[in-house]
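Below: the structure, in structure tokens.
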Amino acid sequence: MTETRRLRILITNDDGIKAKGISLLISLLREADFADLYVVAPLEEQSGRSMAFSLVEPTALEPFDYPQRVQEAWAVTGTPVDCVKLAIGELFKENALDLILSGINNGKNSGRCLYYSATVGAIREANLHGIPAIALSQSENIAFFQKAHMASLIRSLCEFTVAYKHTDPLGLNVNFPASTDDSPWKGIRFTLSGNEFLFGIPRLVRTEGNRRYYTLYDMRDKVSEEFSEEYLALANNYISAAPLVSKNTPRATLSEEELAFLKDSFEQSVLWKASLNLEEDLA
């Protein structure tokens, strides 16, 4: 019997290499035990940096003694996109990666928040280099994450994303719901992102002479009258998996044929077999 080749997975994030979310993701991947894990993540938090990278100032890369067993780990004094660029162009230029994961982010990345998210920015960068990738985010707070059965689900997500062959490398944006009443997650849903987004309200924190300092961390939801599939899935306690598009087309989206092929592939995969029918919930 032929032994299945272990995947080579790069893990990054935007909350920083010491964040709880990336540690949780690594523990789940280690539990599933199907891949060799490499970590290249920012030394400090980089939330909201989108696809920004260090164009002028040098970026430092140094080995990092990660507390869990991984093949190798490095910390970067830059953004998640810096991490991906350094991984692809320097660290693994002679030994290609199979997949790049970003997360698990502390807070959701859905709707139009994708334009701001550095968690998602890393995935778009991976796709531009021809590498399949997945962004993973936990709504509200990483404390809401439910570990039961998630190691096998994340393995299925990874294997599906690597195996998916169509026109471009696949990028998935996965969001886990926040179950404030501790009710178990119901399954996973293939969705499309909508127009919902978080906007920051300027808050004056101090004044020094003529200079005023503000924060934009007070985030509020703005929801359109017609809820998106992604929004409804999360609201109904389902994990959402939405495709990301990195190619530059006039529509800046998947064609109807590409979307139908991807949706059909997803629904027939091991992911969908483990999920529940959402038609009544999302009608």
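For all residues, glycine too, the Cβ spot is worked out from N, Cα and C.
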Given Swiss-Prot lists D14, D15, S47 for divalent metal cation, the same-site residue among N105, N109: N105
In three-state DSSP terms, the structure that N105 (divalent metal cation binding site) belongs to: strand
Sorted by sequence, non-D14, D15, S47, N105 residues with Cβ within 8 Å of centre, divalent metal cation: N13, G16, A19, G21, E45, Q46, P80, G103, N106, G107, S117, A118, T119
Entry from the binding-site residues list D14, D15 having the most other CB atoms no farther than 10 A: D14
Binding-site residues (S47, N105), the one with most neighbouring Cβ atoms at 10 Å: N105
